[in-house]
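Quick notes on the structure that follows.
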Amino acid sequence: MTAPVIGVLALQGDVREHTAALAAAGADARPVRRPGELDLVDGLVIPGGESTTISRLADVFELREPIDKRIADGMPVYGSCAGMIMLASEVLDGRPDQRAFAGIEMTVRRNAFGRQVHSFEAPVSVAGIDGGPFHVLFIRAPWVERVGQGVEVLGTVTEGPAAGRIVAVRQGNLLATSFHPELTGDRRLHAYFADLVRAAV
């Protein structure tokens, strides 16, 4: 089976962790910092970090238009935490100068789960992925307030004060989670995305 070539947007955030998780899931993972590097990948991960910084650096490194075009052309993209914000068609509590790639028809609330001191772990079941719930980590994470037609809700928080909040979605070849699977050692979500990329090539 051919390894899909998956880039990790290497402007800020958990680049090394996503790269290692993708490699463990059987992908040929490589950092993407320039448009020429984006041209060489079959799929892209937008990691956690700070969404306003990622937005600004996407412009500085001249990646915004190439990424927008690849998304429009059907390239699979997975965004975790800040990456989810970068894929949202509408962002609540974002900065006025913040611009997303807007691939998924959803409204997300930035930093919905609170500041870093309010970060927490919780079990989340993700539809289509076997093996039981993920034990996931939320760090200043967004949640999804609304999804449009064609957006599949894959996971919600199952317990605690945030129970019922949407934290994993998919629309076509685009996948987004509020949480950080790259930090937990559970590679199932990266394997799921690698399969999605493999099927799209």
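Numbers run from 1 along the shown chain.
Glycine is no exception: its Cβ is also placed from the backbone N, Cα and C atoms.
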If I go by Swiss-Prot, which of Arg109, Arg110, Arg170 binds L-glutamine at the same site as Gly49, Glu50, Ser51, Ile139, Arg140? Arg110
Need this for a regression test: recorded positions Glu50, Arg110, His180, Glu182, filtered to those with Cα within 10 Å of Cys81 (active site, nucleophile). What's left? Glu50, Arg110, His180
For the L-glutamine site made of Gly49, Glu50, Ser51, Arg110, Ile139, Arg140, how many Å separate the two farthest Cα atoms? 13
State the Cα to Cα distance, in Å, between Ile139 (L-glutamine binding site) and His180 (active site, charge relay system), rounded to an integer. 8
Tell me, if you would, which residue among Cys81, Ile139 (recorded positions) has the fewest other CB atoms within 10 Å in the structure shown? Ile139
